């Protein structure tokens, strides 16, 4: 939250123009309530996903999206709140999702046996859970920040407005397509963890292969569509011809990113299902921040390739990370992973035998 509050001086300290830093800070201030919504939403979401309850969340999200579009239009255009209005509506939408999912848990028969209310037993094994959660947070933060840093670095180029406009459009398209991979990520993490917990190593391995292949095929289709529409795709976001030309030039890089994003999130989901978060966090540090970002800065600034150079370097980091995760995942001894999962489950089971039997 402190980073949000002091976003303007932080951005200016990083070299962003004052106009860009001010506009970004205004938008970020409205996202502060969203932080707390995230803290509630993701545990609730995982609780439901682990029971294969996904349809209610989908309906809730769809209904909230319609409401969000309406409220955003009112806040930005009718009331004239601008950036702060858009971000406040976004925060409100996330809290609506949290509230609706919580109501579903309380009234649904499916959740009565899995959650009976608040209990002190929730704090048992808290230290082990915190260690795993911290590793997961680091892994996800390193992945999320990586492409945000691409936009941040682009603000330091000679023509930051054009670079930021074109990259923002490309990142919006990438983010939209990325949601499909996020769905496969959730499915992979839940299915793999359930198969390991059920002592089905072959099913876990089969799940990994199928979900990775399906996600990759969809990503390739997305990339082909983007390349086919490269000259017109930006007009869904802006009418500027200069920006449209810049977006068209970046579309090959976007296509490669889409393909990598069809594989990498799935493998991250497998890692979560297997409890490899700490390992993936180390891989992310090395590939993203030791290789990708420095390489992108060298290509973008030293060799004067601009946004294309920055993105090329970061694609290199993502590709290295993806190849490492592919090798680790498909050389895994799944029987060994089943044993590890069994030991974890044993910590939660009462192994003591009763003194007397009825």
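Glycine is treated like the rest: Cβ placed from N, Cα and C.
According to TrEMBL, the transmembrane segment annotation covers 20-41 (among others).
Under the heading transmembrane segment, TrEMBL lists 53-75 (among others).
Feature annotation from TrEMBL assigns transmembrane segment to 81-106 (among others).
What TrEMBL lists as transmembrane segment is 136-157 (among others).
If you look up TrEMBL, you'll see 169-192 (among others) marked as transmembrane segment. Same-chain neighbours of the transmembrane segment (169-192): 49-50, 52, 54, 147, 150-151, 204, 207-208, 211-212, 214-215, 218-219, 222, 226, 233-234, 237-238, 243, 247, 250-251, 253-254, 257-258, 261-262, 264-266, 268-270, 272-274, counting only residues six or more beyond its ends whose CB sits under 8 Å from a CB of the stretch.
If you look up TrEMBL, you'll see 204-229 (among others) marked as transmembrane segment. Among residues of the same chain six or more beyond the transmembrane segment (204-229), those with a C-beta under 8 A of the stretch's C-beta atoms are 173, 177, 180-181, 184, 187-188, 191-192, 195-196, 251-252, 254-256, 258-263, 265-267, 269-270, 273, 329-330, 332, 334, 337-338.
Here the transmembrane segment (250-273) has long-range neighbours at 136, 139-140, 143, 166-167, 170, 173-174, 177-178, 181-182, 184-193, 196, 204, 208, 211-212, 215-216, 218-220, 222-224, 226-227, 230, 233, 279-280, 307-308, 311-312, 315, 318-319, 321-322, 325-326, 329, meaning same-chain residues at least 6 beyond its ends whose C-beta is under 8 angstroms from one of its own. Feature annotation from TrEMBL assigns transmembrane segment to 250-273 (among others).
Within the chain, the transmembrane segment (279-301) has long-range Cβ neighbours (under 8 A, six or more residues past its boundaries) at 135, 138-139, 142-143, 146, 149-150, 153, 156-157, 268, 271, 307-318, 320-321, 324-325, 328. Per TrEMBL, the feature transmembrane segment maps to 279-301 (among others).
Counting only same-chain residues 6+ beyond the ends of the transmembrane segment (310-330), those with a CB under 8 A from a CB of the stretch are 146-147, 150, 153-154, 167, 208-209, 212, 250, 253, 256-257, 260, 263-264, 267-268, 270-271, 276, 279-280, 283-284, 287-289, 291-300. Taken from TrEMBL, the feature transmembrane segment applies to 310-330 (among others).
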| task | Give residue numbers and ranges for long-range contacts of the transmembrane segment (81-106): same chain, 6 or more residues beyond its ends, CB-CB under 8 A. | result | 23, 26-34, 37-38, 40-41, 44-45, 47-48, 56-57, 60-61, 63-65, 67-68, 71-72, 75, 115
